[in-house]
Amino acid sequence: MYMEKLMRLIEMTPLLLLLFLPSAFAGHDYNQALSKSILFFEAQRSGYLPHNQRVTWRANSGLNDGKASGVDLVGGYYDAGDNVKFGLPMAFTITMMSWSIIEYGKQMGANGELGHAMEAVKWGTDYLIKAHPEPYVLYGEVGDGNSDHYCWQRPEDMTTNRHAYKIDPSNPGSDLAGETAAAMAAASIVFRRSNPAYSTELLRHAHQLFEFADKYRGKYDSSITVAQKYYRSISGYNDELLWAAAWLYQASNNEYYLNYLGKNGDSMGGTGWAMTEFGWDVKYAGVQTLVAKFLMQGKAGLHAPVFERYHQKAEYFMCSLIGKGGRNIQKTPGGLIFRQRWNNMQFVTSASFLATVYSDYLASSRGSLKCAAVNVAPSELLSFAKSQVDYILGDNPRATSYMVGYGNNFPRQVHHRASSIVSFKVDPKFVACRQGYATWYSRKASDPNVLTGAIVGGPDAYDNFADERDNYEQTEPATYNNAPLLGILARLGGAHGGYNQLLPVVVPAPNPVVAKPKPAPKPKFTPTPGIFFASLLNDFPINIVGPTLRN
């Protein structure tokens, strides 16, 4: 009798799991991943940390930045695992965080994360405002990679050169000024409801920076030559000029910028470049996606033929992602987009974000994606983006989460100065320049500080990954890896339905629940279906095996 019951129970297990445990097959906790990915930005903060700082192992740093040049450049973000403030990737990070909020702020609000996301944007834009003290002057870097990389020090201990580098009419940088204009314009939309005065100030800076970028043309790394080894502008500046114009049009509704996109689309490559990548250097696919949106909104007017060409190139990009284009993007055997060995994840998150928003644009317009010989439903693009995010969170051949602190199997030896050295608050003893390498960098042990939410560089072309601190190509995180991910995670974690991305953007005001004291967060434990189900049925000493753990 007992054996019959047991066999019947085992046969019924899949059905019972589906009935009682829908969450067991729901995949990842995207809302938790969103919370963690925003938290990462607090670990990257430079300057005086605020009273509500949640990453408590960090302390104040870079407090004299800009002083030698007679300008206040305290604040902003360190870009990755070093202590330099690089303007181009920082501005791109702000643009992508803002775009994430513009599209999916409602979902972030429902998750209680909108306030944190907006604070992350403002930490960046407050710095960008300081970095733009005059209409035709923009500071684009503090510190230099060469002296910084010679040392392995906490930001709180920095002894490296903190020289500030700028662009001006004699030393132009249209790509840097253009991206910063885009960041300011996008952020102005984010703060329009909750902080109108700040929004207006950001838009004013954006207009000035666009004029500076367009009037005095040149590549920023020809002026700020110390950036060449680290953030070289290979694509030039035409993509940033178009990108800035698109964001300024979206933020201001000023026809000047719409006409700029129409008149310069062909000559500046917006309609000519068929892309298979998108990132801090190459913005064409982002421009094409935004202009396709304007076309779907019926805003093209006389520029419809040109905008249609942008639209075709946007579709080329989307088709390449899902393997149905003329030239498809390379993927690893496990299905991850693969572009390059060094920090490949930046391309994964950026491309997946474009696929996510484009899917919603198409669904809003009741359209479909037109690939080589087939029409594709918008949902296929969203499914693709989800597959990339799921890979990052642990659905991959190694069952490794490439988000630090998410799941159980994540990188422990991150290539990151602050997280790899004992916290200044635990041991304030000064760590000298080379001492950091000898004592901390070479340690074969887990980081003393968990860099929660950081997306590291990720695996190679064959899904292989080595969790070693000196493996900077794979274990170094970056702010621009995380920024596009905010939007995708909010979209995947939000309730389904009700997406009409072609309506005018209204970012909700953040949830004013900050006043309530929060209890210390308890570690979340999601049992496998087997353990949970077995505890419900502890009369039967059986081990029910659930699906593979997603770490």
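Residue positions begin at 1 at the first shown residue.
Just so you know, glycine gets a Cβ as well, placed from its N, Cα and C.
TrEMBL lists 1-26 with the feature signal peptide.
If you look up TrEMBL, you'll see 30-489 marked as domain 'Glycoside hydrolase family 9'.
Per TrEMBL, active site is recorded for His415 (among others). For His415 (active site), applying a Cβ distance below 8 Å and a minimum sequence separation of six or more within one chain yields Gly81, Val456, Arg469, Asp470, Asn471, Tyr472, Thr475, Glu476, Pro477.
Annotation comment: TrEMBL describes Asp467 (among others) as active site.
The active site annotation in TrEMBL covers Glu476 (among others). Its Cβ placed at the centre, Glu476 (active site) has 21 other Cβ atoms within 10 Å.
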Local Cβ density at Asp467 (active site) - other Cβ atoms counted within 10 Å: 17
